Amino acid sequence: MRHGELLIFSLAVLGAVTAQNDFPSCSGFVGCLGEPECGPYPNLLRPNRTVNNCCPSCVDHVVLGNDCDPEECLPGLDCKNGKCALPATGTCQSYEHRDLLWKPKCELDGKFSAVQCKGERLSGRCYCYSEDGRRIFGQQWWSKAENMTCGCSRKIEALKQQGRVDVTIHCTEDGNFDTLQCDSGVCWCADNITGQTLGEVVPEPMMQMLPCYNATAVGDSYLRRCDSAEYALKVIRDEMRTHGTVGDAFVSKNCGYDGSYGEYQFESGNRYCTWRDNSRIGSFMVGQLPPGGMNCYCARDSRYFQESGYLFTMLCSGDGSYIPMQSLEDKTVCVDKDGFPYAEIADTSEACPSLPATPYVLTEFEFFKLI
């Protein structure tokens, strides 16, 4: 079939599909005739621009600071008051227009990729991120993150956004799926990478019959120490909400998506940085919840490095977070929340430049500590 015939056939199939719907659709579309060669920057290949928004096309974009009309600016920029400008919040593509040492990996639709790696491949680490740029549960040394997908952590985030307060899906420490899963009263074996169900689904009391069940690792109860207590409390609170009651005197547990204890716990009016077994890490604590929440990433990393056999030399603040300005290899650098440099400072009297703002989502654990 010649190119002209293929194009006519593609358009014919597409036209027939579109005629059956009130909105454009690429269902049944045969394909595009290769990718066009675009001119010099900022002429870029952009997806879904031609043939009923089913094929890519070259688009002349406007760079930062130049005059613009809506939708003319480079990806990651907004047209404000007739000029291409950085957005108020830190979209993934906006990092490309900032003078920063680290830039995130973005998807074609502009959202943050699930796995974000920082540092060097031998000593750096990879973290799980939400679509809007929030760090979520899951991390691994970069050298061991070949099969890291963060699919489980992303799945739980999606379920929570749908309003689920009783999710009991378990992730591994790197954000992938645990092989044994139980949720909503049933259990099944899952693929560690995709989360796809393998074999039959059984009632939770029969989980011992599944081939992925390990008596040594799981024991008699699927839920672990932290999430078993938090799950029971969530069910009670959900029932209270249905009767119009908000606020109680119960003490919540902050749990990781693997069922272990989270970065910090609440006790006697204070929040303490804790390890996975609920033991406190040093004297890191805070009373009033700071703006942007509490993460204890630095405090946790001090323990994480120790258990991995590495020397930890970074400085932590009293609440367990990283001090923004650090000395690294005879240089003064500004580090992000994860402790990785994003800017160098020539004069220590200077302030660290601001990072792009990312959304802050108040967790249910934090919410019930504020009311």
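Glycine residues also receive a Cβ, built from the backbone N, Cα and C atoms like all the rest.
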Of the candidates C150, C171, the one sharing a disulfide with C152 in TrEMBL:
C171
Just give the helix, strand and coil counts over the domain 'Thyroglobulin type-1' (152-212), going by DSSP.
16 helix, 18 strand, 27 coil
Where DSSP helix means H, G or I and strand means E or B, what are the helix, strand and coil counts for the domain 'Thyroglobulin type-1' (89-150)?
9 helix, 19 strand, 34 coil
Count the other Cβ atoms sitting within 10 Å of the Cβ of C171 (disulfide bond), across every protein chain shown.
26
Mind looking up the mean pLDDT for the domain 'Thyroglobulin type-1' (152-212) in the predicted model?
96
